[in-house]
Amino acid sequence: MNDTIAAIATPPGEGGIGIIRLSGPDAQSIALRIFRPVRPGRLRSHRVRYGHVIGPDGEVIDEALLTLMAAPHSFTREDVVEISCHGGALPVQLTLEAALAAGARLANPGEFTLRAFLNGRIDLSQAEATLDVIRAQTSAGLAIAQAQLGGWLAREVRAARTAILEPLAYITALIDFPEEGIEPQTVAGPIEQALATVERLLAGADQGMVLRNGARVVLVGRPNVGKSSLLNALLRVERAIVTPIPGTTRDTLEEMANLAGVPVVLIDTAGMRTSTDPVEQIGVERAAAALAGADLALLVFDSSQPFTPEDEAMLVATADRPTIIVWNKCDDPDVPPPPAPPHPKAMAVVACSARYGHGIDTLAKTIATTLLGGTLPAVGATHLVSNPRHRAALRRAAEFLRAAQETLAAGAATDLLAADLTGAANALGEITGETVGEDLLDMIFSRFCIGK
């Protein structure tokens, strides 16, 4: 990290401003080679200067604002300079090219955040939260990411890891003196404390994962039960074509929706039936594929029509999938829907009318509640583990800690107990970045954009 990197920090295309970011030991000197302030003088940290960006041949590229954030009071803990110019593609690109010609290197994806991590500005879980903030699709997901960026998860994990390291140091010292033996009370308490923390973090992980990553929800049923109308009602826009002709939908249609704070991909499908129409049959096959890849199925029936063999076939088709049974076309809310047919994985039954909007809010909330395991998170609940990598590391830590408890209770060899505790400590260290290799870091930071 002895060089200075530069990249465009704003999205491509036209906008109000475009930002070129530099970080490294030569950020100030490079910036002054390409930026001519209207009022001469040295750059001051966290102050904005007005001037012009100058190209390699002395030509004016654009008028701009320059902001210096001097080390260590910057995101990367290095000297950081941001040049804000007009947001057209050409001024931004020419400003970046001028910085590169003046001695900067084009940054790799996520390299600014990587430098912040390597310089101790943030831990690895906070680095990942930075990307989660950028990619958040709902306010709940954003709140979880912001809380993780604030360091709550790192504090919890470090506390659990410290509780492990103290007895581990004690046990390691005894390996060379096995005749002294382990005092169980010295070790059991910290192990129990660490395991309690890990289990508490895991308890909210399933909800956190859904709120961060979303879920795929497929609408299935025989033709003309109102699947496309339900999709439009849940989206609150006319996205799918709706006609009274069975088989109108010939392909899958995917749309993103925010249902009670849960990011959901809603998938409308062709009515599933045997057809001699080759185009419709392709649609039926795609519907089956969408069902196989869904987290939840909305099995739609027409409450105004008798139950049919095709409806029975849909019960079989969804038997291995968590399912909400939806009675559509309940246009009169005072008339109860038919009894729900038996289904081995039915999570709920909802009556609604896509035509008049009755029960649509209830359906949306039921979808969200089902995906979150039966309950919506409390208002303001942001301390939820939401990253699959973190959940996997916590699960490994819990396994090692339970094994350590069994090893201790059995009075087994000291080195076996030390191995269990070392495994738990290393698993927790993977979350904060204290025990990770370069390959994992490369994988994580490659997901970032170049300017972050």
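Every residue gets a Cβ built from N, Cα and C, even glycine.
Residues or ranges marked as (6S)-5-formyl-5,6,7,8-tetrahydrofolate binding site in Swiss-Prot (evidence: sequence analysis): Arg21, Glu82, Arg121, Lys452. Annotation source Swiss-Prot lists domain 'TrmE-type G' at 214-372. Swiss-Prot lists 224-229, 243-249, 268-271, 353-355 with the feature GTP binding site, giving sequence analysis as the kind of evidence. According to Swiss-Prot, the K(+) binding site annotation covers Asn224, Thr243, Ile245, Thr248, on the basis of sequence analysis. According to Swiss-Prot, the feature Mg(2+) binding site maps to Ser228, Thr249.
Figure note: comparing Cβ neighbours within 10 Å for the binding-site residues Lys227, Lys452, the maximum is reached by Lys227. Among the binding-site residues Arg21, Glu82, Arg121, Ser228, Lys452, the residue whose Cα lies closest in space to that of Ala354 (GTP binding site) is Ser228.
Proximity note: of the listed binding-site residues (Arg21, Glu82, Lys452), none has a CA within 10 Å of the CA of Asn224 (GTP binding site). Neighbour density around each Cβ, counted as other Cβ atoms within 10 Å, peaks among the binding-site residues Arg21, Arg121 at Arg21.
In this structure, the C-alpha atom of Arg121 ((6S)-5-formyl-5,6,7,8-tetrahydrofolate binding site) lies 49 angstrom from that of Ser228 (Mg(2+) binding site). According to DSSP, Ser228 (Mg(2+) binding site) sits within a helical segment.
Looking at Ala270 (GTP binding site) and Lys452 ((6S)-5-formyl-5,6,7,8-tetrahydrofolate binding site), their Cα atoms lie 41 Å from each other. Between the two most distant C-alpha atoms of the annotated (6S)-5-formyl-5,6,7,8-tetrahydrofolate binders (Arg21, Glu82, Arg121, Lys452) there are 19 Å. For the pair Lys227 (GTP binding site) and Glu82 ((6S)-5-formyl-5,6,7,8-tetrahydrofolate binding site), the C-alpha distance works out to 50 angstrom. Each residue contributes its Cα atom, and for Lys452 ((6S)-5-formyl-5,6,7,8-tetrahydrofolate binding site) and Ser228 (Mg(2+) binding site) these two points are 40 Å apart. Secondary structure from DSSP puts Ala270 (GTP binding site) in coil. The two recorded residues, Glu82 ((6S)-5-formyl-5,6,7,8-tetrahydrofolate binding site) and Ser228 (Mg(2+) binding site), have Cα atoms 48 Å apart.
Reduced to three states, the DSSP call for Arg21 ((6S)-5-formyl-5,6,7,8-tetrahydrofolate binding site) is strand.
With respect to their backbone Cα atoms, Ser228 (Mg(2+) binding site) and Arg21 ((6S)-5-formyl-5,6,7,8-tetrahydrofolate binding site) stand 46 Å from each other. Looking only at the binding-site residues Asn224, Ser228, the densest Cβ neighbourhood within 10 Å occurs at Ser228.
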